[in-house]
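Student: Quick one: the structure is below, questions incoming.
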């Protein structure tokens, strides 16, 4: 056994052993309890970052612990391999996205293996492999058959540089998230999935079927689905288009959740794309210019809520359905055509957005709800405008005096009687547009025929294989001009020459079901089969909070579609969800002469502290470029590790210098899994020192071990002296706590428990005998098993070197240690001793002592005799198991 801990040798040896044993390959076994634990599959960007290390270590600790607990554990890994970054890399480096992607996969896989992850690599998938995306295409065709997938033309966000559609979430301040180009509104055809058909179930399941999910994530999904109950009704008009036909059949529909305020309408606003806006703009240059301006504005509800409210009158009027009053129509930049009917009623007295708009343009404000008798006031308005729980209708004619619900019911009934409205439930959720004008994605299995239009590719011809030799040049989708992609393509209906669909699928499609493919990854005959019946639903899913809405919602929807098609039996894919915290580091920068920012690596910087020891600034401790040592720079606090801010830490550097076990241990010990982790180099050093202490104690114990390998046989009650019993009490007390912390996935306290356990072993001062050596060996075996999920390489080596493997087998499959109840039984207990309520010492009594024995021991104690100074005890209060208080 080596005297000094050499992490390189230890980790290389352990990984060689595991690989030779094919240690992590798992098969379905109906006789065993299963547990499926999975981290969200990574995008193969090139290198792992510390966020990856933290995520995968959380999963690995859970998997190893449960395997020791007897579970049949599946921990798979794969690659979310399609996406725009590969195309951007191709543009930059002149290599096909496929080559860039597979090179990155190979490198990142080596990094993961160096971490010692218990991954079953036989189940590895890459979403860019035709054997995987074939099933994207197959299910898409099934959705077409069932009417879940459909084609339509819709106004979309168009990035003119990337030549692609952007989701609302990818438009930031009117610009493309990647290119920064001003986003345009365009009408183009594309394929959509009817996720809205599942809105009610998706919402209901969030509320009732996901108890193992964080409340924060569930609330985010509820808000995204956005169920609203209200009234949809029409304003009448006689506005005609150029052909003389009434626009919208003479009706302009709106939806409101506040029908009780309908009598307070003083204007209406429509989206720039609304037919009335388009009609009015045709003869109004100022309005036409405003409509064009709106195209570069925000496209999400969040952006519209914060941007300045702007409008332009159309010169058109509609008729109020209940009063007959004429209501002016405006175009508003805060109205979305994609939500509701693209028009809203303006009730500035009782809606914050309408109020802001009306104040800006001097529009009338009419109060129609009285709240707690308060007089209407522009100053006090914001405090009560939305109080619908206590409002009473006023200035509303026949509805005066009605409370909110009664007013809504009465108004809805009157609108229905007129044939102009009805109660309705609406949803914020919109159908999922899956068409992308990009190359590196799953080809949509459609053939376009001049005679028969869009025709599905026959199942026998799947997969439609993506050409692997394309190198995007920035001029749009290269599939348009790739001759091989279209060569020999004929219409499945008539057999005439045709062309393939060149749009590819949104990459969220790839990640919406990959976790099911892990269950049966090599099956060429079925998308999923018996493996999914065994492993699904997933027991624990681990990933970042940034995926709370889109990925998790789409995965839930995809699962329900697969269930309805008879492919799986589960309603929800993920039983429990853990969203791990981000890894943060210090950020240092300075303004450049050109007004930009230059960021500095933390290893080049030292802090400047104020009188209280707080960070007041920073300066260079190493020369950087032309900047000398001592140059003052700005300290921006801590933030997420980022390449752009030079505050990332390369896991490879940590693994090479300290070892994978140190990287794993540090990321687990520093903060609970759900909390953010602030990087600290000193903490990494501390984790390494702890592992070195564990190794050193193993060396010491190995030297003490003179053939006393029968630890379990020697550990029998009655063979131990007082010090040894105290050691065993501490060992099994800590084991009980660590086991509980593993069950709660509180891995920071798991590691701290291991540290306390090592302290107890190191601090043992008893006489070394066969019995005490057996107790030390028992304690160290408990420590190794407790630390094994966090530091598998070191514990594997020590387990073997100290002879535990010869007794109990490979640590990988050694059962979790059992708490010895007899070790927790104490012969004596120590009670706090108080005199007149103040702590003065302690008293030791037999564990089963009654009150009389405890009182006698307390009164005879040295502490009482000294403090009482001869004064008699007036009263003795005993709190069993805790303290004795003597009143004198």
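Including glycine, each Cβ sits where the backbone N, Cα and C put it.
Below are the features listed in Swiss-Prot for this protein:
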MOTIF     42-52  motif ''HIGH' region'
MOTIF     640-644  motif ''KMSKS' region'
BINDING   643  ATP binding site
Student: I need to check the long-range neighbours of the motif ''KMSKS' region' (640-644): which residues 6 or more away from its ends have a CB within less than 8 Å of a CB in the stretch?
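Tutor: Here the qualifying positions are 49-51, 582-585, 599, 679.
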Student: Work out, from DSSP, the number of helix, strand and coil residues along the motif ''HIGH' region' (42-52).
Tutor: 3 helix, 0 strand, 8 coil
Student: Just to be sure I understand the packing, how many Cβ atoms besides its own are within 10 Å of the Cβ of residue 643 (ATP binding site)?
Tutor: 11
Student: In the motif ''KMSKS' region' (640-644), how many residues does DSSP call helix, how many strand, and how many coil?
Tutor: 0 helix, 1 strand, 4 coil
